[in-house]
Amino acid sequence: MTNIRKTHPLMKIVNDTFVDLPTPSNISSWWNFGSLLGLCLITQILTGLFLAMHYTPDTTTAFSSVTHICRDVNYGWIIRYLHANGASMFFICLYAHMGRGLYYGSYAFRETWNIGVILLFTVMATAFVGYVLPWGQMSFWGATVITNLLSAIPYIGTTLVEWIWGGFSVDKATLTRFFAFHFILPFIILALAMVHLIFLHETGSNNPTGIPSDMDKIPFHPYYTVKDILGALLLILTLLMLTLFAPDLLGDPDNYTPANPLSTPAHIKPEWYFLFAYAILRSIPNKLGGVLALLLSILILALIPMLHTSKQRSMMFRPFSQFLFWVLVADLLTLTWIGGQPVEHPYVIVGQFASILYFLLILVLMPATSLIENKLMKW
C-alpha cells in the first residue's frame, strides 16, 4: 500500500515541500534563513493576533491600550515585546537571507528573486504601519515624516498624501487604516512566501559552489529538518534573551511619550532596520531626489540578475568579488550607523560618501570586477 503522505492531495504538497524534497547535499547554514523567516512570520502573526484582541485603533485610547496590554493582560507584556523584538529578528533573518542570495548568486532564479524583492517591500510596509500603532511620539512623527515624502511627487503629491492620511494631518483616520493594513499585510506576505517557494521548487535550491547539483541530492527530511531545528532553537533563544533581558534595547525611548502634534522630538528616526535607507534619503539635499534615492536603494535589487557579468554563479571562487561584497556589507552598516545620528558634520558627509559607494558598488564596481575575474580565468 502506498504511503498516504505521497497520495493524499494535501499531504502530497507538504511531503514534496518538507519531506521528500531533493536538496543539494552541500548547502551551508546560510540556507537556514528561509525556514527561520517562516518561523518569524508565524510568530508575528500569532503574537499580533493576541495583541489585536486588546488593542484599540483610536488616537485617544491607542497609547493607553498598549499600556493596558503590558500591565493588565495576562502575559501581555511578553506578547507585546515578543512582537516588537520579533520584528527585529525578522529583519536580521531577512537581510542575512538576501546577503546569502547575493553572495552565492541565488538571484539567477529570476522569478524567485523578484518575488523576494516584492516580499521585502511588503515586509517593510508592514513594519512601518505597525510602528505607528502604539501612538507614541516616534510613531506619530515617523508616520508624518515618511508619508510626507510622497508630497515630493509632482502634481499629485499633496493630494496623494492627504488621501493616505484621510485628512489634513496624521490623525484618527490614519491610525485606523494603518491598523487595517497592519492586520491584512502579514497574510499577503504568507501568500507571497508560498509563491516564492513554488518558484524555488521549480528549479531546486542553489548551493555554495553555484554548480548544478542534480547528481548529488539528498532528501530534505531528516537531514535539513534537523539542521533547521538547530537554527530555529538559536533564533528562539536570541529572541527570548532580547525580550526577557533587554526588551527596549532596539526601541526608541521617545515612543514611551504619548503622541503630541505640538511637540516635535529632537531627532526623528525610524527603527534600526530602516536606518540605512533613511541615511540614503537624508544624504541628498533635495526632497524629490532623496525620495528617488530611497526607492532606488531597494529597487536596485531587482536589477541585480541583469548586472551579473561573471561566468561563475557563486562568489565562492571569486576573491575580488568577495572583497567587494564585504565592502558592501560594511557600507550598509556604516549607513545604518549614520541614519541614527543627527544631521550635522561629519555625519552628513560620511553618509553622502557611503550612499555614493552603495550605488557605485552595485552598479559599477561589482559587475566590472566580475569581468576582470573572467579575464583572469582566461575565459
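Every residue gets a Cβ built from N, Cα and C, even glycine.
Features as listed in Swiss-Prot:
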BINDING   His83, His182  heme b b562 binding site
BINDING   His97, His196  heme b b566 binding site
BINDING   His201  ubiquinone binding site
TRANSMEM  33-53  transmembrane segment
TRANSMEM  77-98  transmembrane segment
TRANSMEM  113-133  transmembrane segment
TRANSMEM  178-198  transmembrane segment
TRANSMEM  226-246  transmembrane segment
TRANSMEM  288-308  transmembrane segment
TRANSMEM  320-340  transmembrane segment
TRANSMEM  347-367  transmembrane segment
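In the structure as shown, the Cβ atom of His97 (heme b b566 binding site) sits within 10 Å of 20 other Cβ atoms.
The two recorded residues His196 (heme b b566 binding site) and His182 (heme b b562 binding site) have their Cα atoms spaced 21 Å from each other. The 10 Å shell around the Cβ of His182 (heme b b562 binding site) contains 22 further Cβ atoms across the protein chains shown. Within the chain, the transmembrane segment (33-53) has long-range Cβ neighbours (under 8 A, six or more residues past its boundaries) at 69, 79-80, 82-83, 86-87, 89-90, 93-94, 96-97, 100, 182-183, 186-187, 189-190, 193, 228, 231-232, 235, 239. Segment contact is absent for the transmembrane segment (347-367) and the transmembrane segment (178-198), given fewer than three CB pairs below 8 angstroms at sequence separation of 6 or more. Taking Cβ-Cβ distances under 8 Å and a sequence gap of 6 or more within the same chain, the neighbours of His201 (ubiquinone binding site) are Asp16, Thr17, Leu21. Spatially, the transmembrane segment (288-308) is not adjacent to the transmembrane segment (178-198); fewer than three Cβ-Cβ distances between them are under 8 Å for residues at least 6 apart in sequence. Taking every recorded stretch in 77-98, 113-133, 178-198, 320-340 and counting its Cβ pairs under 8 Å to the transmembrane segment (226-246), the highest total belongs to 77-98.
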